[in-house]
Amino acid sequence: MGCWGRNRGRLLCMLALTFMFMVLEVVVSRVTSSLAMLSDSFHMLSDVLALVVALVAERFARRTHATQKNTFGWIRAEVMGALVNAIFLTGLCFAILLEAIERFVEPHEMQQPLVVLGVGVAGLLVNVLGLCLFHHHSGFSQDSGHSHSHGSHGHGLPKGPRVKSSRPGSNDINVAPGEQGPDQEETNTLVANTSNSNGLKLDPADPEKPRSGDTVEVQVNGNLIREPDHVELEEDRAGQLNMRGVFLHVLGDALGSVIVVVNALVFYFSWKGCSEGDFCVNPCFPDPCKAFVEIINSTHASVYEAGPCWVLYLDPTLCVVMVCILLYTTYPLLKESALILLQTVPKQIDIRNLIKELRNVEGVEEVHELHVWQLAGSRIIATAHIKCEDPTSYMEVAKTIKDVFHNHGIHATTIQPEFASVGSKSSVVPCELACRTQCALKQCCGTLPQAHSGKDAEKTPTVSISCLELSNNLEKKPRRTKAENIPAVVIEIKNMPNKQPESSL
């Protein structure tokens, strides 16, 4: 609540200042014909929308408890808010770019540059205040939320209740949510007797809320996972991603204010306009009065020329520079938030090296259906099928596998153990718990049917192979011929009296 309260106060303060100043800039830009100020006012409008989105995302992201409709809570709300803010900012950049191109074709003279200068300085002060409020969100901090689930256990939330350690070898531990001690350990809430996969007991009257008065049964393979104390003090990277979008909006607005101030100063000191009562010609754009300059000169009347012309092109040029800077700073935010929502493998995870280390674990015969994705921020989740030799040694193998995932920064893992059946070979049947044939197309990476002969008395199950595992097998083994890749179809001929031969697939 403390972090939410601080961010909420900053966002509300910046929202009020931004909205009031946006209205002021729109009025002044129309009166003075300043493109830079008009662009900055549009940017202010985008900032208002960004701050509203950030407030909503920040509020929803506090609801980290699991529900029957959302087993991960609203952790990804801030990632979605960051993506929306990045899209807003990108669209705003293109709108400013089109307006700048129009000003290159038809330049306009700025009216009342001192007024523009005053408003620009005031806007710069507001944006500097915003940068001071959100400067600690300009980068990312590392966060590690641990959660493990091996075998038949489900996922817990990244931040579960603190539980008290018991004697070694104890499997079931009852802990009241309010208990705390100096030797506390943090782990996920894993409850075996509930329908919620995240292990939270739900109130029958209100399924959306967990029951706070019940004791929580925690069972993690007989051992509690010890977490470092500094994990609770670190701020979640998902919130950093959302607030970074706000910071980029404020930074872009500050750049716009700087452009307004510079353009107003240059125009005030360099531009020589026409005074009232004097005949003046502006050579910077077509003027029908130019045709009469020679006639007027023959009468020895004084003719003045406005200029220099480059001052009129400074405004759109600086706007183009601002657009380039904003796009350069927004692209990483847009890319990162989109990749998180697309559930791609985090860039800091070397998936091939991870598979290699898992296969090198003693007691592991095969690794397949390995999937790694990023839930939000630094909360990385992994699932895998691990084939082991002996069920009795699985617990030791699971601890080693857990350490391998920890070393790669993956702290929320679900391992499906598979034990080799008698006479089976890992290279022939990589998955002992294959999916049914009718659900093959609904898996993450599809299925590959296993060829079998007609002599087999039992049906051979469909073999499920992940895309990465299939690519690794193709790299290690020589390519098969086209005929060998075709699944074998078995036709059984039954000799029935007075009946035609019957075939079955």
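Cβ from N, Cα, C; glycine included.
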Swiss-Prot: matching membrane side for Val105 and Leu354: no
Swiss-Prot annotation, N-linked glycosylation site - which of Asn193, Asn297: Asn297
Contact yes or no, the transmembrane segment (11-31) and the transmembrane segment (307-327), 3+ Cβ pairs under 8 Å, gap 6+: no
Intrachain residues whose Cβ lies under 8 Å of the topological domain 'Extracellular' (32-35), provided they are six or more past its termini: 99-100, 103, 108-113, 115-116, 260, 263-264, 315-316, 319
Averaged pLDDT score, the topological domain 'Extracellular' (32-35): 74
Per-state residue totals over the topological domain 'Extracellular' (102-113) - DSSP helix, strand, coil: 5 helix, 0 strand, 7 coil
